[in-house]
């Protein structure tokens with residue numbers, strides 16, 4: 001028996017029947033060129049398609065700039081095929097802030113930080129580490145062991161881990177493994193430096209940006225846990241002003257508007273039904289469908305246009321009635337006792353009458369005195385006063401009068417404001433438990449896919465398939481590398497939609513909180529299932545084996561050893577994954593392939609003017625969907641940085657983030673709308689990158705320990721405590737700046753020199769006319785949108 005290693009240098013005894021023979025990272029495999037070719041063909045095709053369609057379908061690819069005033073200051077992109085790229089590159093961070101907001105700045109800052117780190121790390125890995133690995137790789141040179149391994153030769157011989165019975169000449173390999181220690185420290189220092197440096201920049205920009213805001217949102221505080229004695233506007237205002245913090249401008253007590261919200265939801269559904277039957281009657285579903293106007297038909301106005309020769313007046317309150325011929329649509333309704341008798345009625349008249357009755361119920365519901373809840377929105381006269389309230393403890397009792405920054409009025413999920421705290425807590429914990437159970441369920445398909453990477457595991461399940469893979473390198477590459485990569489990519493696309501649905505039912509008060517919750521859930525899925533479980537539990541093809549494997553990980557030492565043993569086996573898989581995601585998938589996201597593919601279907605089903613108006617709304621950019629995967633890719637790059645495959649992973653990781661930066665920068669600025677909060681996602685990014693650095697250090701300590709370099713392994717241990725300290729330090733020093741606005745950073749409208757801050761200079765100008773009130777209490781009860789065919793105007797690009 002001779003001493004061999006895996007491709008990533010893990011030493012162990014291996015005989016002729018070793019189960020690891022034929023792993024995808026064996027040198028003779030040609031997976032990299034195959035994956036690179038497939039991804040390049042896919043990505044290049046999507047990118048060229050985007051370049052061709054972009055100037056022709058500006059209603060899709062410039063929707064945000066055309067419809068949102070905040071994007072009006074951005075430069076117009078040339079209509080040439082590639083001329084938009086340098087213009088997009090030259091857009092500054094200040095322009096990103098003013099047009100797309102703080103969240104977009106934070107999101108793109110993470111990509112810029114990753115590009116800077118990977119630029120240096122890739123050069124070091126390719127220029128320094130790769131030659132070292134090639135020179136000292138035992139597969140191409142004599143067997144080498146470390147000094148501590150040589151000193152423990154009697155013990156090792158008893159353990160049957162090392163043996164020189166075959167006459168191999170064993171040489172000490174001190175310098176080779178010392179390189180691991182040096183570069184673990186170097187890459188840790190680089191990652192921490194760039195992370196802290198970017199944190200300082202982001203927080204400085206956040207303080208300046210939010211400190212200059214003068215909108216009602218920045219002056220408003222959300223209070224929860226209000227005792228019953230204070231659940232009135234006057235009592236609460238008197239209580240806050242009695243604290244001596246500042247003057248109160250207005251108070252909105254959240255009330256139990258469940259009945260009103262239910263009636264408004266019924267009305268919205270009824271209005272859509274009325275619009276559809278009226279359009280069917282007038283055959284408007286065929287109006288304006290000229291294929292030359294694809295991809296969009298855009299009404300000139302979302303409201304009915306008055307005209308003397310067209311029937312464009314409202315259906316209610318004096319509008320002209322359509323003729324009562326036999327072509328009028330009918331509908332079946334219940335009549336008689338308990339509605340058991342069925343009869344056909346005129347659909348337009350029936351729905352119009354129902355809408356009028358519902359309007360009367362809504363008007364009555366708005367006049368009712370609804371029961372107050374324990375949540376209120378208090379608007380102070382100054383931003384500084386609001387920040388004092390937010391950062392202070394208002395009541396000595398637990399969970400009483402808790403103050404937080406209020407979300408924007410349009411960002412509030414009003415139906416959750418009148419749910420009791422216990423109900424929201426039950427929903428929150430219940431969905432959290434469900435997500436945990438789902439993570440266990442995902443282990444079954446994920447570990448099954450990981451088993452495809454091991455030929456010995458395939459042979460145990462299907463010997464015929466194993467023989468086929470051994471006989472055909474091309475089929476083997478497609479089955480063992482391309483298929484798992486593609487399936488996990490698809491899983492990574494579909495699962496977030498489930499988590500998005502769950503997050504919206506968790507009882508969060510604002511959409512920003514829902515977004516942060518979605519980021520957390522999706523990262524947990526990608527990290528735990530697509531990396532941690534996939535890597536460590538990859539050979540557990542049955543539930544029994546999976547359970548036995550999970551029970552083995554009772555302490556950090558076993559996890560470190562398992563990581564060290566598994567990383568080498570999955571190196572080529574992660575190279576392929578990064579190539580597919582960066583070169584193959586990003587161009588499809590730039591193309592907005594889903595919107596383009598679904599458009600003909602949605603357009604074919606559009607009937608009413610409201611349907612056509614919704615077609616031209618910009619797509620929504622969700623950070624919860626798009627942020628977790630780049631964080632995982634960055635973590636994988638850090639973890640593999642020192643290993644022999646690290647040069648490839650760091651290089652393709654750099655390509656991934658460069659393409660991703662251009663893709664997301666274009667979408668955030670020009671084509672997609674997005675939720676706006678206050679840039680608080682940076683804390684989540686920081687903690688997760690620190691987690692990746694910790695796992696990198698833990699796996700390298702296990703790697704050196706498995707190679708019996710115990711001294712060098714122990715030298716990695718202090719870095720683990722440094723990572724823990726960094727997370728603690730960030731929570732104490734930086735998190736308050738990411739959560740609050742420093743009082744010194746606040747700039748009130750009246751400056752020291754007497755000048756006034758122009759509201760046009762702040763991103764929140766669009767909020768200046770909003771109020772903290774349930775929209776269902778004040779929005780007009782608009783009639784159905786009915787537009788004559790002559791007024792369904794089309795915009796030719």
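Just so you know, glycine gets a Cβ as well, placed from its N, Cα and C.
Look at TrEMBL and you will find 341-368 tagged as coiled coil.
Positions annotated as domain 'CSC1/OSCA1-like N-terminal transmembrane' by TrEMBL: 34-197.
The feature domain 'CSC1/OSCA1-like cytosolic' is assigned by TrEMBL to 218-416. Mean pLDDT across the domain 'CSC1/OSCA1-like cytosolic' (218-416) comes to 78 in this model.
What TrEMBL lists as domain 'CSC1/OSCA1-like 7TM region' is 428-703.
What TrEMBL lists as region 'Disordered' is 1-29 (among others).
The region 'Disordered' feature in TrEMBL is assigned to 291-329 (among others).
Taken from TrEMBL, the feature transmembrane segment covers 32-53 (among others).
The list of residues near the transmembrane segment (114-132) in space but at least 6 beyond its ends in sequence, with Cβ under 8 angstroms from a Cβ of it, reads 176, 179, 183, 186-187, 190-191, 194, 630, 634, 637, 641-642, 644, 646-647, 650-651, 653-654, 657-658, 661. What TrEMBL records for 114-132 (among others) is transmembrane segment.
Under the heading transmembrane segment, TrEMBL lists 177-196 (among others).
If you look up TrEMBL, you'll see 425-444 (among others) marked as transmembrane segment.
Sequence annotations record features per position, and here TrEMBL assigns transmembrane segment to 523-543 (among others).
Per TrEMBL, the feature transmembrane segment maps to 573-602 (among others).
According to TrEMBL, the transmembrane segment annotation covers 623-642 (among others).
Counting residues 6+ beyond its ends, the transmembrane segment (648-664) has Cβ neighbours under 8 Å at 32, 85, 88-89, 107-108, 111-112, 114-115, 118-119, 121-122, 125-126, 571, 574-575, 578-579, 581-583, 586-587, 589-590, 626, 630, 633-634, 636-637, 640-641 in the same chain. The feature transmembrane segment is assigned by TrEMBL to 648-664 (among others).
Long-range Cβ contacts of the transmembrane segment (685-706) within its own chain (Cβ-Cβ under 8 Å, at least 6 residues beyond either end) map to 8-12, 106, 110, 177, 180-181, 184, 187-188, 191-192, 195, 199, 523, 527, 556-557, 559-565, 567, 627, 631, 634-636, 638-639, 641-643, 712-714, 716-717, 719-720, 723-724, 726-727, 730, 734. The transmembrane segment annotation in TrEMBL covers 685-706 (among others).
The transmembrane segment annotation in TrEMBL covers 712-735 (among others).
Away from its own ends, the transmembrane segment (712-735) comes close to residues 146, 177-178, 180-181, 184-185, 188, 192, 199, 203, 683, 686-687, 690, 693-694, 697-698, 700-702, 704-705 of its chain (Cβ-Cβ under 8 Å, at least six residues beyond either end).
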